[in-house]
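Undergrad: Per Swiss-Prot, the features are:
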type   : residues : note
REPEAT : 2-37     : repeat '1'
REGION : 2-217    : region '6 X approximate tandem repeats'
REPEAT : 38-74    : repeat '2'
REPEAT : 75-111   : repeat '3'
REPEAT : 112-146  : repeat '4'
REPEAT : 147-182  : repeat '5'
REPEAT : 183-217  : repeat '6'
Amino acid sequence: MVHWEKHEGELSVVGVGAGSNDIWGVNHLGHIYHWDGHKWHKVDGELTNISVGHDGEVWGVNKNHNIYRLDRSNNKWTQIPGELVQVSVGSHHHVWGVNHLDHIYKWDHHHNKWDKIDGALTNVSVGKDGTVYGVNRGHQIYRWDGSKVDLVLGELVQIHVSDAEKIVGVNHLDHIYRLKHGKDWEKLDGELTWVSVGHHGEVWGVNKLHHIYKATL
């Protein structure tokens, strides 16, 4: 049983970093916001999707599928080669994404290039431990085993991985689920269109009205 608390602001995508004092999101206008534990700060730039890792690494993509990485020392965005529609950051070492053709990519931070992964996904998420899950156009769920993607029981349209023990997602009916013991999906109360889980089980999400909610697993 989780207790959802409504949070101030409006977003369409939200991401949890090291904790509830490092929350990033974008709204339906592409505006970027950072919650520091006390208030929302508007950040320069425009993005349609954003993700933050446990180490504070922030990446995003814009409506033209351009990819950006934030330098948090000066709050400036640096463009990264390639094109994606969604990006996921577990940490500096773990960045994945998908493009408009459902192609899957893994960032090689040693050589600053994208490696294409076999398969087709519309949404992907990587945790700080390198755990990767994703969903495809048919709402099927897949897990990366280090060399290939394997089908997982269940149906979702969006999934978020903090680590192997903390995985949440939503389906096409806005129902919210958490993965227990790596195999059982537990339905949570509430309705959300996007959900994100942090290292300590803090969950943030948004609904179809762009309202923001938070809870703890």
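Please read every residue number as a count from 1 along the shown chain.
Each residue, glycine too, has its Cβ placed from N, Cα and C.
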Undergrad: Below 8 Å between Cβ atoms, which of the listed ranges 2-37, 147-182, 183-217 makes the most pairs with the repeat '3' (75-111)?
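TA: By Cβ pairs under 8 Å, 147-182 leads among 2-37, 147-182, 183-217.
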Undergrad: Any residues 6+ beyond the ends of the repeat '2' (38-74) with a Cβ under 8 Å from its own?
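TA: Here the qualifying positions are 8-9, 13, 15-18, 22-26, 29-32, 80-92, 94-95, 97, 99-100, 128, 162, 198-199.
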Undergrad: Within the repeat '2' (38-74), how many residues are helix, strand or coil going by DSSP?
TA: 0 helix, 21 strand, 16 coil
Undergrad: Can you tell me how the residues of the repeat '6' (183-217) break down into helix, strand and coil by DSSP?
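TA: Split into helix, strand and coil, the repeat '6' (183-217) gives 0 helix, 23 strand, 12 coil.
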